[in-house]
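What TrEMBL says about this one:
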type	residues	note
TRANSMEM	12-35	transmembrane segment
TRANSMEM	55-71	transmembrane segment
TRANSMEM	83-104	transmembrane segment
TRANSMEM	124-145	transmembrane segment
TRANSMEM	157-177	transmembrane segment
TRANSMEM	183-204	transmembrane segment
Amino acid sequence: MNYNKLSNYIGILGAVLFIITTIIGGYVFEGYSHISQYISESYASGTEYGHLLRWYGYVPSGLLIGVFCFLKARLFNNYKYTFFGFIGFGIFYGIFTSLVSVFPCDYGCNRDYADSSIPQTLHTLLSVITYTMTPLSLYFIGFGFKNIDKFKTISNNSIILSFIGFFFGMIFLGNANSPIAGILQRVTEFVYLFWLIYYSVFLIKNDIDVNSKTINQQ
């Protein structure tokens, strides 16, 4: 297996690492609720295992997702919507996942934002940008896929997922104090993580890499 084909697995690795870290974070945080609490509350400043979850879980997960998207953008140099969509997804979902971990929220994530620390302020700003720009990036990816015969189905599914992600992301941001805020956030995250795994499997099954003539000759 060459490097290009191996890179198809990076997206799966990044997504799975995120999911595993989220599960572990809830397990080691006594009394934690996946229904009502933010994901970031499990690794907030002052939590016992927060630094481990950040530096061994979310930071590398975001970097893996970012690298995957930047590598896959090279497949679509001739398809500008998809190219910039992948760059956007890599930045806003990949790199920003790492950055919100570098700047954790205050203990409990201070949902009223009163007297927030600088890291929490940055954390909140990055989160808002993530949930706003990631679905737009995914939409661009799907829209660009329409011009490639082999990508017709994944094009439609990507566009549908972009709307679902935007819908739940906006509900989450607009209901930050909801007793089901944790579920709303996790549904939003699941949409993007599912798409990463779905697209990675598509590349692997169809044996597509950055040198693929299937794309470059169309």
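Numbering starts at 1 and runs along the chain as displayed.
Keep in mind that glycine also has a Cβ here, set from the backbone N, Cα and C atoms.
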Spatial neighbours of the transmembrane segment (12-35) far in sequence, C-beta under 8 Å, 6+ residues away: 41-43, 47-49, 53, 56-58, 60-65, 68, 94, 97, 179-180, 182-183, 186, 189, 193-194, 196-197, 200-201
Non-local residues, at least 6 beyond the ends, that sit with Cβ under 8 Å of the transmembrane segment (124-145): 40, 76, 79-89, 92-93, 96-97, 99-100, 103, 105, 113, 116, 151-152, 154-159, 161-163, 165-166, 169-170, 172-173, 188, 192, 195
Intrachain residues whose Cβ lies under 8 Å of the transmembrane segment (157-177), provided they are six or more past its termini: 111, 128, 131-132, 134-136, 138-139, 141-143, 145, 184-185, 187-188, 191-192, 194-195, 198-199
